[in-house]
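So that you can see what the record holds, here are the features copied from Swiss-Prot:
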type	residues	note
ACT_SITE	Asp47	active site, proton acceptor
ACT_SITE	Asp48	active site, proton acceptor
ACT_SITE	Tyr419	active site, nucleophile
ACT_SITE	Glu440	active site
BINDING	Arg23, Arg43, Tyr177, Tyr179, Glu222, Arg242, Arg389	substrate binding site
COMPBIAS	336-345	compositional bias 'Low complexity'
REPEAT	251-262	repeat 'BNR 3'
Amino acid sequence: MGVPRTPSRTVLFERERTGLTYRVPSLLPVPPGPTLLAFVEQRLSPDDSHAHRLVLRRGTLAGGSVRWGALHVLGTAALAEHRSMNPCPVHDAGTGTVFLFFIAVLGHTPEAVQIATGRNAARLCCVASRDAGLSWGSARDLTEEAIGGAVQDWATFAVGPGHGVQLPSGRLLVPAYTYRVDRRECFGKICRTSPHSFAFYSDDHGRTWRCGGLVPNLRSGECQLAAVDGGQAGSFLYCNARSPLGSRVQALSTDEGTSFLPAERVASLPETAWGCQGSIVGFPAPAPNRPRDDSWSVGPGSPLQPPLLGPGVHEPPEEAAVDPRGGQVPGGPFSRLQPRGDGPRQPGPRPGVSGDVGSWTLALPMPFAAPPQSPTWLLYSHPVGRRARLHMGIRLSQSPLDPRSWTEPWVIYEGPSGYSDLASIGPAPEGGLVFACLYESGARTSYDEISFCTFSLREVLENVPASPKPPNLGDKPRGCCWPS
C-alpha cells in the first residue's frame with residue numbers, strides 16, 4: 001500500500017466573524033438521485049448553551065460531484081423559548097417522508113446543569129418534509145407520546161446526533177441517549193445518574209412513536225444504529241455508542257431496537273479524552289465476501305434469505321414471539337433469529353424505558369463465533385487523536401459482531417476534527433459503493449467549519465491498514481458528564 005490518499009473536501013458551513021458557529025453535522029441521502037440533506041446547528045458561539053436553531057443545505061449529485069444549494073434556516077424546527085439541537089433525520093421509503101428529529105432545550109440550560117440537578121429541560125421534537133427537504137411542516141412535541149412518565153426519571157436526554165435508519169419491516173429508528181436518575185436523596189436532590197443509549201421507533205410510518213429499552217449495563221451516550229447480517233451468527237440491530245470508559249461501546253438488539261442486550265467495550269475503537277460522537281453506516285459486503293450458511297433460520301423452518309431492502313433484516317413473521325413465562329414480546333425480524341437444533345441459550349434482561357421493567361429479551365446462542373467476514377460490513381468515522389479531537393479517521397469492520405475486527409484508521413483530514421456523519425450515497429463507477437462524510441474540521445479548532453467529502457469502498461480498502469491492531473487502553477475511565 002502506498003501513501004494514503006486524502007479525499008478532497010468542500011467546506012459547507014464556516015464560522016463567521018460575528019461568532020456565529022456551525023456544529024453537530026447530520027447527513028441524509030434521499031432517493032432518487034439521491035438528494036443530500038446536510039443539517040447542522042447554528043450557534044451564537046461554539047458553546048452548547050448558545051445553540052440557536054437548525055439550518056440545512058441541499059445537495060444534488062451531478063456528473064460524479066455534488067452541487068450544493070444555499071443555506072436554509074429551518075424556521076419551523078423550533079419551540080418557543082427553546083433552543084434547537086442535535087439534528088437526527090430518518091427517511092421513510094414507504095411514504096417518501098423525511099422526519100427531522102431534534103431536541104428543544106429550555107433557554108440556555110446546559111446539559112451539565114440538567115445532569116447535576118436531575119431536572120430535565122429537553123423536549124423531543126420533529127418536523128417532516130415530503131419533498132426531500134424543500135419545505136417543512138410545523139414542529140411536533142413528542143415528549144409525552146414517546147416517553148411519557150419515564151421522563152421524570154431522566155436528568156436529560158437527546159437524539160443522535162447523526163442519522164436514523166429504517167428496517168425492511170418498515171420500522172423507523174432514531175438513536176438516542178438519556179442520563180437516568182439512579183438515586184435521589186430524600187429532599188429531591190440528585191445523588192447519581194448514568195448515561196444509557198436507546199432508540200425511539202415507529203411502526204406506522206411516523207404517525208406515532210415509542211421509546212425502546214435502554215442499553216442495560218455499560219455507560220453509553222451519543223450513538224448510531226445499523227442493521228447487521230452476521231451470517232452464521234444471525235441478524236441484529238447494532239448500536240455503537242460514545243462512552244467515558246476509554247473506548248467505544250457496542251450493543252446488539254434482537255427485536256429491532258425494542259430492547260438491547262448487555263453492551264461490551266470495543267477496545268479497537270479508542271475514544272478521545274472525554275469522548276466524542278462518532279458515526280457508523282452499514283452496507284452489503286462485496287459479493288465474493290458474502291458467506292452463506294443454511295443451518296440458520298428466521299423463524300421456524302425458514303432458511304436465512306438474502307436481504308430484501310437492506311442488509312441483515314427480513315420481513316417479520318406475523319405471530320408474536322412468546323415469553324417462556326407465558327407472555328408475549330413484540331415481533332420483528334430480529335426477535336426470532338434462532339439456530340436450528342437445541343444449542344445452549346442464555347437468557348438476558350430486556351430493560352424497559354426506565355431500565356427496570358420486568359420484561360425479557362430472546363437470548364442469543366452464547367457464546368457465538370462471528371465469521372471472519374459477514375454479509376454486512378460497517379464503516380466508522382471518529383477523530384483519531386487520543387488526547388484531543390484531531391484527524392478525522394475512517395475505520396472498516398468486515399465482521400461487526402466481533403469487537404476486535406476494526407481496522408486501524410484511514411485519516412481523511414489532518415487537523416482538528418470533531419463530530420461527523422456518514423452516508424452511503426450510491427454505486428461507484430468501478431463497482432462497489434460511494435460514501436460521504438460530513439464532519440467538523442478546522443485549522444485551529446474543530447468548530448471552525450463543517451466539511452464534506454466523498455470516497456469509494458475501493459478507496460477505503462486501499463487506504464485502511466490491512467489488519468486490525470487493538471490499541472492500548474491504559475486511560476482510566478472518565479466521569480459520566482462529558483463536554484460535547
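Positions of Cβ are set from backbone N, Cα and C atoms, glycine also.
In this structure, of the active-site residues Asp47, Asp48, the smallest number of CB atoms within 10 A of the CB marks Asp47. With respect to their backbone Cα atoms, the residue listed as 'active site' and Arg242 (substrate binding site) stand 17 Å from each other.
Residue pair Arg242 (substrate binding site) / Asp48 (active site, proton acceptor) shows a Cα separation of 18 Å. For the repeat 'BNR 3' (251-262), the number of residues in each DSSP class (helix H, G, I; strand E, B; coil) is 0 helix, 3 strand, 9 coil. For the recorded positions Arg43, Asp47, Asp48, Tyr177, Tyr179, a Cα to Cα distance of within 10 angstroms from Tyr419 (active site, nucleophile) holds for none. Each residue in the repeat 'BNR 3' (251-262) has a pLDDT score, and their mean in this model is 97. Taking a C-beta cut-off of under 8 angstroms and a sequence separation of 6 or more, Arg23 (substrate binding site) has the following same-chain neighbours: Val40, Glu41, Arg43, Pro46, Ala51, Gly418, Tyr419, Glu440, Tyr447, Ile450.
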